[in-house]
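Look at TrEMBL and you will find B:6-26, B:38-59, B:96-113, B:125-144, B:248-265, B:274-292, B:352-374, B:394-413, B:425-441, B:447-465, B:486-512, B:618-635 (among others) tagged as transmembrane segment. Under the heading domain 'Cytochrome c assembly protein', TrEMBL lists B:89-296. TrEMBL lists B:315-636 with the feature domain 'Cytochrome c-type biogenesis protein CcmF C-terminal'.
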Amino acid sequence: MMSRKTRRLWLVVACGAGVSCATALMLVAFRSSLSFFLSPQEVIAKHPAPGMVFRLGGVVQANTVVMGTRDSRPYTTFRITDGQASIPVVFTGVLPGLFRQGQGVVTVGTMAKGDREFMADTVLAKHGASYMPAPVEQALRKAGKWNPKFGPAPNAATWDDKSPRTIEADNNG
Amino acid sequence: MIPALGHFVLALALAIAAAQAVIGLFGPMLRDRLVLRAAPALAISQFIMLGLAFAALVWSGVVSDFTVRNVAEFSSSTTPLFYRITGTWGNHDGSMLLWCLILSLCGATVGVFGNNIPTSLRARVLGVLGLVSGGFLLFTLAVSDPFRRIWPPPLHGAGVNPILQDPGLAVHPPILYTGYVGFSIAFAFAVAALIEGRVDAAWGRWVRPWTLVSWIFLTCGICFGSLWSYYTLGWGGFWFWDPVENVALLPWLTGTALLHSAIVVEKREALKTWSVLLAIATFSLSLCGTFLVRSGLLNSVHAFAASPNQGLFILVLLALTIGGSLLLFAIRAPVLAATGMFAPVSREGALILNNVFLCIIAAVVFTGTMYPPFVDLAFGMQISVGAPFYDQAVLPMVAPLILAMAVGPMLPWKRGAIGPALVKVWYAAVAALIVFAYYAFQRHFIAALGLAGAVWVMIGALIDIGERVRLFRVPLGQSFARLGTIPRASVGAALGHFGFGVVVLGIAGMTLRVHDVTVLHPGQSVALGGFNWKLDSIVPATGPNYTARKATITVTRHGKLVMVLKPERRYFTAQKVKTVAAAIRTNGVRNMFATFAGEDNSGGGEFRFNVHPFAPEIWLGGFIMALGGAISLSDRRFRIGAPARVKLRKPAGSATV
């Protein structure tokens, strides 16, 4: 039988080893899998490096959704706007059922070369009771499009035509 | 009228909860038998009141009483009856009421079945439950009143969120809530024990069955949730490491740890302080699970009842409950001295290893889940922690758990040796190696590791049972007869471990999945996973409150018909929302999964086809684990309790009557 001290030592050593392994794993994992959320305005301001995975969120701009087929795979192009800026998005795959114009969405992907369009590999449309993802809500608030204090979000279809600054114009000028 | 009555009994329940808290917590100091008897009676009447309130809300939903805001916003006259009932808890206010109802049910259960608990301890347990219940009832009444009325009532209600119009809503939230809230009993026992300053083997024996019940419910609840999102969200994932999922996993992890550490308390009177802390942590995480999600702090892809405006009240309530109990723990924990002694290599040692790893996993998941809101609050940056983080940080931590899982039950109590235990499980090791070699040869290394681990755990669990019935060492008939005599807790534990192995099998199998997204015109076909998927037709269809487009897909293999899949796209006219109804067929070890995502102008349909090997095992394993828990619960020592010990202790306890 071991003494209480030895037993406690074993326990501390085991816990310490486990915790330090976990911390090391977490730090490594954090480095590779953290992704930032950017609104269209921030994308234009910050020009994220091509290849850096981030989340682009906003509202699907009305009359910009084009669906087509490329190599018998469905692809969709649309623009995401926060009312101040708008970014073209290319997505190959099946859109979630709740995807529609004027809908708040979050897309995950990278900027294509040339900073022209966002290549999304995931599109998330909110499945909750309120159809506005929280980061999008904040982006809209920052863009001055909506303050939650004054009631629910405006119908996005009514304001997304106000010729927001586009990434092409920004790059050219 | 009915909603008004419901509101009234809800207020009455709050008053009763307050009385229960005061009498339960201060009654034992009076040493008055009558006062102590009042606590269970109050707990039962609180449950009856909340039952009536809940019935009133369901009634308002059933008769579509649109003067109740809750009904007007989340139900409509075209909603089918079934979803008018389930819609009651498909929104924030209603689910709050369900939460309180289940909490009061826990109190009532302790009141009815807790006769083997010393009266003073029972009163304190009920007092703590009453206090928690009172807090949340106050919240329900003051901030999120499910009976709030509107005038004039709308002609038609807004209708239930189409995603929630699913049988899953009938099953998943109530069961998950029962799991979450059930841990309140272990929590109340822990706090009561801290107040009394005594934790002994009997305490472990009382706490374990209650923990086990909520663990069974939580396991089932998580399984149902995972299954629901698997078939609803339409891209064939079963676990997304979404914050809402993580906060359900956290109490499951610590609850599982508590389940194991309570065994040590019961058998060996060690790990007492630790178990008390685990009980507090588990319920605290359950509270976080229910409420942090609703406070709008975490973002999720899932549908749940969110109400961001009520965050502050909830946060204060959480801080009081969690902070208060932890403070009490800090003050009183030194009173609970450990008595049992054991060597590191022993059953106790293995159970500690289980606890250490489960808690580390919980800590990792907690960090990953809470880091984004923390960064948002502290630095104002919006970041998100994705699935790769958890895959990289959690899975390596599961590996030692899996390794130890087959060996631990072979070790004797107090002192053991690794050698003899390993000898017992050698064929599990051989089988695992064969499985590993088979899949590694096909260059599926991750799957090979996972499947080998699954086989190791499953065979290890079977060996555990085999050892107990002395399989192949005595004649088979005799072994079979022994099966009836070994403690059911051991059978349950082995089955629980086996079920975990099955879950691992399913998750590892999912890494072998194949999927394809493609556009097909009627008559065209595509090959995937050794099958030929042919689109026959796309036809319109109608449902009770939606219209749909239904595709018929014939799946053949080598020219022979395997199955016909009929995925649908539904359009809910009232809410103007499209949903995808996936077609899934299973043969028990493989799922075929087709979703119909859209149509283009030329009449082609967009389809997503998946072949998911071993996918059904994910949920099957979860339910086997729950079944193991149920068998363990039926063990003789829980049914009979420990009357002998209670009688012995009665004269010794100063505060007992």
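Glycine residues also receive a Cβ, built from the backbone N, Cα and C atoms like all the rest.
At the 8 Å Cβ threshold, with sequence separation of at least 6, the transmembrane segment (B:96-113) comes into contact with the transmembrane segment (B:6-26) through 3 or more pairs.
Looking at B:38-59, B:248-265, B:352-374, B:447-465, the range that has the most CB pairs within less than 8 A of the transmembrane segment (B:6-26) turns out to be B:38-59. In terms of C-beta pairs under 8 Å, the stretch of B:125-144, B:352-374, B:425-441, B:618-635 lying closest in packing to the transmembrane segment (B:394-413) is B:352-374. Away from its own ends, the transmembrane segment (B:425-441) comes close to residues 406-407, 410, 447-449, 451-453, 455-456, 459-460, 463 of its chain (Cβ-Cβ under 8 Å, at least six residues beyond either end). Highest Cβ contact count with the transmembrane segment (B:352-374) among the listed stretches B:125-144, B:274-292, B:447-465, B:486-512, B:618-635 falls to B:274-292 (criterion: pairs under 8 Å). Through the fold, the transmembrane segment (B:618-635) approaches residues 209, 212-213, 215-216, 219-220, 222-223, 226-227, 238, 487-489, 491-507, 510 of its own chain, all at least 6 residues removed from its boundaries and within a Cβ separation under 8 Å. Within the model, the domain 'Cytochrome c-type biogenesis protein CcmF C-terminal' (B:315-636) carries an average pLDDT of 88.
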